[in-house]
Amino acid sequence: MSKKWLNKVHWDDNGLVPVIVQEQGSNDVLMFAFMNREALQKTVESGEAVFWSRSRKRLWHKGEESGHIQKVHEIRLDCDEDVILLRVTQIGGIACHTGRHACFFQKFEGNVEDGDWHTVEPVLKNPDDIYAGKPGHNHE
């Protein structure tokens, strides 16, 4: 069985490709992660998002600890073939390990001299409640 579709992706020197995760329907950008070949293949096979965790050095099935899995509707490759876009349904409405809907919850306001980052999205569920009793308590 040929998997030439995997070869079309321009993997970086570490065998990874950046992945943008967008919510189907709202079009909110939920998160940014990386995949290796195995993660992309498992995502296609399972219909759920699987990433490569650079900190844990292993595959990471999104939601494996929190239950907040991502059902994949569509996978797109950008024009340079070096970035992937996943369009997903976010189960539980929480994509971020901080308990927020999306990881992009800090907004820059101000100017170059006195600007700062401000939290603009609420915590929907306390991360300690999400990950309570999970081995290692590693927030995704």
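Even glycines carry a Cβ here, placed using N, Cα and C.
Taking Cβ-Cβ distances under 8 Å and a sequence gap of 6 or more within the same chain, the neighbours of D82 (Mg(2+) binding site) are V9, H10, D12, V17, P18. DSSP assigns D82 (Mg(2+) binding site) to coil, not to a helix or a strand. The Mg(2+) binding site annotation in Swiss-Prot covers D78, D80, D82.
The Zn(2+) binding site annotation in Swiss-Prot covers C79, C96, C103 and rests on sequence analysis. Counting only residues at least six positions away in the same chain, no Cβ atom sits under 8 Å from the Cβ of C79 (Zn(2+) binding site).
A separation of roughly 25 Å, to the nearest angstrom, links the Cα atoms of D80 (Mg(2+) binding site) and C103 (Zn(2+) binding site). Ranking the binding-site residues D78, D80 by how many Cβ atoms sit within 10 Å of each one's Cβ puts D78 at the top. Annotation: C96 carries the greatest number of neighbouring Cβ atoms among the binding-site residues C96, C103 [cut-off 10 Å, Cβ to Cβ].
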